[in-house]
Amino acid sequence: MEKLSLCLLVIISLSNAFAQTDMIGKAFVFPKESENSYVSLTARLTKPLTAFTVCLRVYTDLNRDYSLFSYATKTQYNEILLFRGKTAVYSISVGGADVVFKPHQSSEPMHFCMTWESTSGITELWVDGKPMVRRSLKRGYSLGTQASIILGQEQDAFAGGFEKNQCLVGDIGDVNMWDYVLSPEEINTVYAGGTFSPNVLNWRALRYEMSGEVYVKPQLWP
C-alpha cells in the first residue's frame with residue numbers, strides 16, 4: 001500500500017509539474033542572482049524546425065550579460081538563443097552561429113520577437129513593435145526537436161551549465177513560439193497583446209517546471 005501511494009504521489013507531482021496553465025496576466029519573477037533558478041518549458045515539436053518566431057516580454061534593470069531565451073539540443077547548446085550582452089547589444093544564435101543587433105534601451109518592460117527561416121537564413125529582431133535591420137545566418141539549417149528550453153539561464157550544457165553572471169534578474173512573460181515566421185502585421189498584433197495560436201509554446205496553455213527561486217506573479221505591464 002505504501003509503495004502504491006508513493007507511486008501515485010510521484011505521478012501526480014509529475015502531472016502537476018507539466019500541466020497546461022493559462023499564464024495570461026502573469027509573469028515569471030526571478031528576484032535575485034542565482035545559478036540554479038530557472039524555468040523549463042515543454043514544447044510541442046514533432047519534426048525538425050526550418051523556421052520559427054519567438055516572442056516574449058522582459059522587465060529588468062540589469063546592465064550585464066543575461067539570457068532571455070535558451071533552446072538547446074544535446075548536439076548544439078545554442079540551437080536558439082536570445083542573449084543580451086553587457087554593451088547593450090542583443091544577439092540571436094541559431095545552430096551555434098549568431099548575429100548582433102543594437103536596439104534602443106528602455107527602463108520600461110520590453111517586448112521582443114525574433115524570427116528565422118532556413119530557406120534564406122533571414123533573421124529578424126523586433127523590439128517593442130519596431131524591426132531592426134535584417135541579418136542572415138545558417139541558411140539551409142534545420143533545428144533539432146529533442147530540446148531543452150530554459151528561461152532565466154543560458155545553457156552551456158544540455159539542461160545545465162548555468163552561470164550566475166548570465167542569469168536573468170527580473171520578470172519575463174508572454175512567451176510564445178511558432179514553427180513559422182510571423183508577418184510584420186502579426187508581430188505588431190502580438191506586441192499589442194493579440195495572438196495567433198502559437199503552436200510550439202503557448203502562454204495561454206503553458207507546460208513548465210520552475211526550479212530554484214522563481215515565482216509566478218501578476219505582470220507589471222498593461
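Each residue, glycine too, has its Cβ placed from N, Cα and C.
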> Swiss-Prot annotation: Cys113 disulfide-bonded to which of Cys7, Cys55?
Replying inline: Cys55
> Per Swiss-Prot, which one of Gln146, Gln166 shares the Ca(2+) 2 site with Glu154, Asp156?
Replying inline: Gln166
> Which candidate from Asn78, Asn199, Asn202 does Swiss-Prot annotate alongside Glu154, Gln155, Asp156 at the Ca(2+) 1 binding site?
Replying inline: Asn78
>> I want to verify one value. Collapsing DSSP to three states, which class is Cys55 (disulfide bond)?
In response: strand
> Of the recorded positions listed here (Gln20, Cys55, Cys113, Gln166), which is spatially closest to Glu154 (Ca(2+) 1 binding site) when Cα positions are compared?
Replying inline: Gln166
> Pick from Glu154, Asp156: which of these binding-site residues has the biggest number of other Cβ atoms within 10 Å of its Cβ?
Replying inline: Glu154
> Counting other Cβ atoms within 10 Å of each Cβ, which of the recorded positions Gln20, Asn78, Gln155, Gln166 scores lowest?
Replying inline: Gln20
